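Colleague: Provided herewith is a single structure, encoded as structure tokens, for subsequent inquiry.
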Amino acid sequence: MIDITLLGTGGGMPTPERNLSAAILNYKGRKILIDCGEGTQVSMKISKTGFKNIDIICITHWHGDHIVGLPGLLATMGNSGRKEPLTIIGPVGIGEIIKGLTVIVPYIPYELNVIEATKESLCFTINKENLLLSSKGEIIINTLEVEHSSPCIAYRFDVKRKPKFNLEKALDNKVPKVIWNLLQRGGNVEFEGNLYESSMVLGEERKGIKFSFVTDTLPIPELIPFVKKSDLLICESNYGQDSDVDKAIKNKHMTFSQAAQIAKSGEVKELILTHFSPAIEDPEEFIHFAKDIFPKAQIGKDRMIISIDFQN
């Protein structure tokens, strides 16, 4: 199971009801923060999500409402005794932005590993201490360049699930019992002059979890295959009414109905709308624009928690 907590659902500027863009993914006690807008630390405190186990921060782009909370969070992590490296992922150019932001945080007592997102997937293995970049892993982070007024990327998180041990296969393949546990972890094992593969003891691959996060973009066609069959899509919906579509095009954002159409065309299971313009006092007033297209659409609220279970 994974948990996603919306820490901020506002866009442009904070309001009394909404902090700026941020969400946190929790899997097996390790955490990935997505964006870090103003108010992120306060929302973490209220929701009790904490920041000590954050291994990766994924930044969609460097507009202030998505990143201005980052220097303060980095400082708080350092002041709280963090020594472990922290990975920051973002669009091309994020490295220079991080350098600029950290001018006001001159001392960071841990390593920052900045990855300017490529078109290749990033795989991470997970253990009790951290998430580590590797050639294979339980969590795969995928990115897509979207269309906004600055370089911006959407994220998809594929959480893999290990196949079950298959006793019948292990016996049929005459795999020595002493190496069963090693093979269950994946990879090959050489034993007494013979090479054994993990596929010799494991069953079929099981369905994992797919979570997509899309913000600050026009509804480009490439989004549909990118979010295809996601268990959850969190998608920006800066404008509520269909009559605001010209504003959305001008500012390179989406309306409620455009976000819903992405969800419908992408055959996602659940849609949470976020990144509401400060001009929208109550997003629920406009939810029918989304539900008419995608009935499972919901309004995202600060500190809302969404849990997704593995199936079967």
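Note: Cβ is positioned from N, Cα and C throughout, glycine not excepted.
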Colleague: Given that Swiss-Prot assigns ASP65, HIS66, ASP216 to the Zn(2+) 2 site, pick the one from HIS275, HIS288 that the record assigns to that site as well.
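Modeller: As annotated by Swiss-Prot, ASP65, HIS66, ASP216 share the Zn(2+) 2 site with HIS275, chosen from HIS275, HIS288.
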Colleague: How many Å lie between the Cα of HIS61 (Zn(2+) 1 binding site) and the Cα of HIS275 (Zn(2+) 2 binding site)?
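Modeller: Here the two Cα atoms lie 14 Å apart.
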Colleague: Identify all same-chain residues not among ASP65, HIS66, ASP216, HIS275 whose C-beta atom falls within 8 angstroms of the centroid of the Zn(2+) 2 site's C-beta atoms; report them in sequence order.
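Modeller: Other same-chain residues with Cβ inside the cutoff are GLY11, GLY12, LEU20, SER21, ASP35, GLY37, THR60, HIS61, HIS63, THR215, GLU236.
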Colleague: Round to the nearest Å and give the CA-to-CA distance linking ASP65 (Zn(2+) 2 binding site) with ASP216 (Zn(2+) 1 binding site).
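Modeller: Rounded to a whole number, the Cα-Cα distance is 11 Å.
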Colleague: Please work out which residue of HIS61, HIS275 has the most C-beta neighbours within 10 angstroms of its C-beta, and give that one of the binding-site residues.
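Modeller: Buried the deepest by this measure is HIS275.
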Colleague: Among all chains shown, work out which of the binding-site residues HIS63, HIS66, HIS148 has the most CB atoms within 10 A of its CB.
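Modeller: By the 10 Å Cβ neighbour count, HIS66 comes out on top.
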